[in-house]
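According to TrEMBL:
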TRANSMEM  36-54  transmembrane segment
TRANSMEM  93-118  transmembrane segment
TRANSMEM  124-143  transmembrane segment
TRANSMEM  155-174  transmembrane segment
TRANSMEM  180-197  transmembrane segment
DOMAIN    234-305  domain 'PAS'
DOMAIN    306-360  domain 'PAC'
DOMAIN    378-598  domain 'Histidine kinase'
DOMAIN    623-738  domain 'Response regulatory'
MOD_RES   ASP672  4-aspartylphosphate
Amino acid sequence: MPTDTLEHEQKLAEFEQRNSPEGLLLRYARRRPSYFWFRQIFMICGSLVLFLTGHPFVSLAVYLTLLAGELVDSLFLMSVPRKLEHGVSFKRLYNIASLTAAFQAATSVSLAFFPVWLEGSPETLAFCFAFIAGGGINSSYMLSFHPVATYIRLGTLLASGIAAMVYGAAFGSLGLQAEIYTFFAFCMTIFLIYTFLQYSQGDFDHKTKSNRRMLEQSLELAAFNKALHDQQSEIRRLALVARYANDSVIVAAPTGHILWVNEAFTRITGYSREEAIGKRPGTLLDGADTSVATTTAIEDAVASGRPLRTELINYRKDGTKIWVETNQVPIYNEAGNVEMIIAIERDVTADKYHMEELAVAKRAAEDGERAKTQFLATMSHEIRTPMNGIIGMADLLNDESLNTEQKGYVETIRYSAEALMRIINDILDFSKLDAGKSVINPVDFDLLGCVESAVSILRPKAIEKDIFVELNCLTPVPPLLRGDDGRIRQIVINIVGNAIKFTKHGGVTIDLSCYDNSEGSLVTLDVSDTGIGIAEDRVEQIFDQFSQANGEITRQYGGTGLGLTISRILAHEMGGDISIRSTLGTGSTFTISLQLDHTLDALEAAAEEALATAAEIKLPGVKALVAEDNLTNQLLIKKYLKDTEMEIIYARNGREAVRLTLYHQPQVIFMDMSMPEMDGISATRKIRSEKALAQPKIVALTANVYASDKAACLSAGMDGFLSKPLKRSELLGWLGQL
């Protein structure tokens, strides 16, 4: 087993760490204090010279000065490893070590200078230069570990030597000849220190490079040995894999003749190894239904030495037809020539049949999906059109002077119609979401206003049940965010509506919070009720389609079981989720989380919203054409627009709409999509083709609410899209853009 490269990598990493700036500082901090006692012997001997020459007090003062410098420097250096471990910065420690070195150097030169200062004789200068030489050589050992400290010490020693020489010449008993000898002695001292310095640094660099090279070569050798061992192991494994693989393995010569096959080849084709060797695969396995183009492509790939992956029909020895997926790869020798060709072949007959079955099933599913979509679109249109009249007339009746009983009848009609519309909308939404179609249309909107409007819709139901509905803002809410306010309102109405439905006593609390994050704003609504609660084993199932907690709830409270399913899918579409915590008999808390974007242009959005929600609009002198074949809907639009002071013209089909447009030249047309003689799309195209006509704004009125229907309207040249049942606020909001 070759040596693990990890061990060599670790050794190299340790070496690099030792020679990094931090590592060199640590080595300096450990080495210099280790020679402390050796330097003390040197300094004691020097101080003893002063003592023996008749200067005992100076000798003691000099030694104490030397000792103070050594202690300050050594004690600090001994603390460096601990300080590094505790996170003190390398730069700070390095600089302090330089300062302590300067202090130690300043104290050490006292031993060199004081003898000259006391006597100024050639003997004392010789002693001074000897001290400088010894101190310089000692300092040179540390150059590679702490260059700054070393140069400070050497500079201090050099300065002291110059000072001693100048002082001796000026105030000592030196003659001219002695001064000359002294000068050259000092120069030789400097040369000696410089020579040792160069040797010491060069030796350190040489050893460092040699050790690094040796470690790198050891690592390379270990990696090579490991690669060789891995390659040998891989060859053994590949040999076993090739022999016992379920896929057929063929090794062929560059000419295409078989050299070796594995056992799977025999099992799949029925030909033994002896029967196959020396023959070409096509000779053995091709038959009447084998593609000539495919076999030609295989032969060309073999001849040109190219890899190839393809499928073709082969025949077993017993004549059975099989589909084979073949993947052939050329193997090159060191000279760059094809040495052999390896082909791995797999029997994919079952996969082919399965793919054909899947294709048939896919076509059937697509046909079914188209039929379902068409059915839902047709039913939506056929139900929405009369519902538009029912809801609109109920709204108009509600504005009349009716007695209490009559108002109750009207409210029942409106409530029943809206309940039916909610069911239709739920089914359509679920159909689109289940098909993977996005229904999110982001706009800039007021989040708090959106939630408050949803709650205000539901509050009358809560008052009717004598329970409270409370909305709390736990954090500041931005005035405008970007998201689909309609879908958010739908989620809130579904969740809060459910909470009110299943609460008999107490009430419902909605806690709204909003936090900024890297993607925009994370909005959270906690909807807590004191209702009937949900059993623990049924909590997650309530989000399943057409599902409620149990059958008794469906009979007692009603509902399709789609509201929570749709709400959760919509939350997922908006980057969030809906979760639930519930205790049976105590109540439930639904947590809605939504990821909304920051508004694109808050001021512009606010202006547009204010314009779109204008309650009353006056448009005197403006002509409007209403193309609608349903008389009830005509009457409804007439009532909606009666206070706008517009001149309104009515058309009962598309052909009449085109004719009246050319005659009256209205500024705006409300165009129904489904009309006799000519539909709204065709009528719009006809109007847009009239180049001499001052082109009006054309708004679609339709019960078809699919995205494809909207796209068709816009493609025909329409400017807007209003879905039925038509709301007065939406109609006036669109007119506000004129």
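Backbone N, Cα and C atoms are what each Cβ position is placed from, and that goes for glycine too.
Unlike curated entries, TrEMBL annotations are predicted automatically.
Contact count against the transmembrane segment (124-143) (Cβ pairs under 8 Å) is highest for 180-197, out of 36-54, 93-118, 155-174, 180-197. Of the recorded ranges 36-54, 93-118, 155-174, the transmembrane segment (180-197) has the largest number of C-beta contacts under 8 angstroms with 155-174. Looking only at the domain 'Response regulatory' (623-738), the predicted model's pLDDT averages out at 85. Under the three-state DSSP scheme, the residue listed as '4-aspartylphosphate' falls in the strand class.
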